[in-house]
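The annotation domain 'Major facilitator superfamily (MFS) profile' is assigned in TrEMBL to 118-520. Positions annotated as transmembrane segment by TrEMBL: 120-144, 156-177, 184-203, 209-231, 243-265, 271-292, 350-368, 380-397, 409-426, 438-456, 468-491.
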Amino acid sequence: MIIKRTVSTQQLYRSLGLESFTTQEMHQIFDRIPKMQHNQLSQQELHDYLFQRPPTAPSTQVSFTEINYTKSSEFREIWQALGGNNTDRNDNQQQPHLTRDQFVQALHERASSVDWHQTWPIIVSMLLVGTSVGVTTPAMPFVVQQLQLTAGQYGTVVSAFGLAKMMGNIPAAVLVERHGRKPYMTYSLGVIAVAVGGMGWAANFEQLYLCRLFTGLGVAALSTAGTLMITDNSTPLNRASTLAPIMSAFAAGTALGPALGGYMVDAAGLQATFATVACSYVGVATLNRFLLKETLPKFEEKSLLSAATANITTTTKTSPSISIEVQNALGQWWPLFQDSRLRTVLFMNMAYWISLAGSQMTLLPLVLTEQMNLSAFQVGQVYMGMSMIQIVGNPIFASGADRFGKVPAMVVGCTLISTAMMALPYQLTHVTTLAPCLALWAAGSSMLSTAPVSYTSDIVKPSHRAQAIAMLRTGGDVGFLVGASMTGILADLTGNLVAMQSSAAMLLSATSYFALRQYQLTHSSSTDAKE
C-alpha cells in the first residue's frame, strides 16, 4: 500500500540543509546545488540534488517503494513552495527555472511566516489548559484561609511547584527526545489532573504541599514537550511570532478562567471547583491525543538504500537506559554554559522568575484579599484584566522581538515589571488607581512570555536545543523555588508591600546587569568581526 505524505516546512528546511536561516546561508545553499547556469535552477537540477541528499529515514519501518513515492511527492511540494510550477498537461513547463532571487525570496518568506497548519492544534490545547489554570487562581487565597496558613507557608507551597519542575526538567527533556513530544502533551495532563483534584481535598499543609509537587512534575513534562513542539515548527525568523499566538491562547484561557473560577468558588465551593478543573485536564488530554501531531524530526540525510537498511537494522538496536541518557544530557550542560550569551539569559530568566513567583504568584493574591478585601470573583476579574492585556500584547510584542531583537524585549519587559511592582503599594486606594499599575505589569510579562525561549532557541544548535531549553527552565524553576519561599518569609518579617518592593529592586538590578553584559558581548563580537 502506497501512502501519500505531505511535506512540512521543517522537512523542506532539513532537505535543503538550512540552519541559521540567514540570507547569506540561503545564497550559499543555492550555490551548493550543481547547475548548468550560475543564476538559474531547473526543476531537474533541484530534483537530482535532493535525491542525493534525501530526508528519507522515517522512525517507523517503510518499504522501499513507499520511500520512493514519498520522496517524489515531497519534491513536487518543495518545488511549488519555492515558487516553481509543475509541467502542464502538454508536458510544457510553465516555469522551468528559478532564479537566485526567486529562490532566496521564497525561502525567506516561508521561513518568516507562521505555519498555522501545524500550530493551531497547539493553540487550542493551550487555550483549554490556560482556562483550567485560571479557574484555580482566585481559589488559592481561600485555600490558604481555610487551612490557616501563614504567608511563609503559602510561599513554601508555591515553591514546591518550582522544586518539582526543577527536578523534573532533565528527565523530561530526555524522555521527550526519546519518545517524542505528543505522549508527554497527553499523559502529563493526567498527572496534573490528579494533583489539582487533590488540592481541593487537602486537609493540611503537608497534603497541599504534596499535591503541588506532583503538579510541578506534570507541568515539567508538559512544558518541555510543548516548547519543543513549538520550536520544531518554527525558525529563527518566526520563532517569537509562532510562540505569540500560543501564549495568547494560554493568556485568553487564564483571562476567562479566573472569572469563572471566582464564580464557582462563591457558588459551589472549593472542592467542587478543583474537581471540575481536574476533569477539564482529562478532557484536554483526550483532545491532545486526537488533535496533535508528532513533531520530532523523523528524517535523516542519508542515501535511499542506506535509509531503507537503517530501518531494518536499527529496530534491534538496544536503546541506552534513562539514567545513562540523563548523564549524557547533563554532560551537555557545561559546554552550553560556557556560551556567554546563554549564560546571561539564564541568569536574567532566573531573576525574572524569582520576581514572578515572589510577587505575582505569592504576594499579589494576598495583597488583593487582605489589603483591598476583594472577593474571589473580584480577584478573578483582576487577573482576567491582566490576561486580556497579554492576549492583545503578545503578538505585537513578539513581532517586535523578531524584528528588533529578543534582548531589547527582555530588558524593556523586566523594566516595566519592576516599575509596576515598585509603584503598586501606592496604588491600593481603589481598583481604578490599581488598574494602570497592573496593566504596566501585564505588558512587561507579555514581553517576557516569548523572548527568553526564542532567544535561547536561536543561539544554540538544533541538536542542543532540548537541553538548552531544559537549562533555561531549570534556572527559572530555581528562581521560582527561591522567589516564592524567600519572599514569603520576608513578607512574614516585613509585610507584603515591603517584600514586593524588595523583589522589584532585585529585578531592576538584574535587568541593568543583563543589559550591560549584552551590550559588552555585542560590542566585542562586532570588534572581532572587523578585525
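Positions of Cβ are set from backbone N, Cα and C atoms, glycine also.
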The transmembrane segment (350-368) versus listed stretches 184-203, 209-231, 380-397, 438-456: most Cβ pairs under 8 Å: 438-456
Contacting positions for the transmembrane segment (120-144) when only residues 6+ beyond its ends and CB under 8 Å are counted: 154, 185, 189, 196, 199, 202, 208, 222, 226, 229-230, 245-247, 249-258, 260-262, 264-265, 270, 273-274, 276-277, 280-281, 283-284, 287-288, 291-293, 365-366, 368-369, 376-377, 379-380, 383-384, 387
Same-chain residues near the transmembrane segment (271-292), Cβ under 8 Å, at least 6 residues beyond its ends: 121-122, 124-125, 128-129, 131-132, 135-136, 139, 181-182, 185-187, 189-190, 192-194, 196-201, 229, 261, 264-265
Cβ-Cβ under 8 Å with the transmembrane segment (209-231): same-chain residues at least 6 beyond its ends: 119, 122, 125-126, 129, 156-158, 160-165, 167-169, 172-173, 175-177, 181-185, 187-192, 194-196, 198-199, 202, 239, 242-243, 246, 292, 295-296, 453, 457, 465-466, 469-470, 473, 477
Dominant neighbour of the transmembrane segment (156-177) in 184-203, 243-265, 409-426, 438-456, 468-491, by Cβ pairs under 8 Å: 468-491
Segment confidence, the domain 'Major facilitator superfamily (MFS) profile' (118-520), expressed as mean pLDDT: 81
Among the ranges 243-265, 409-426, 438-456, the one whose Cβ pairs under 8 Å to the transmembrane segment (468-491) are most numerous: 438-456
Sequence-remote partners of the transmembrane segment (409-426) [C-beta within less than 8 Å, at least six residues beyond its ends]: 240, 345, 348, 351-352, 355, 359, 367, 397, 400-401, 434, 437-438, 440-441, 443-448, 451-452, 455, 497, 500-501, 503-505, 507-508, 510-511, 514-515, 518
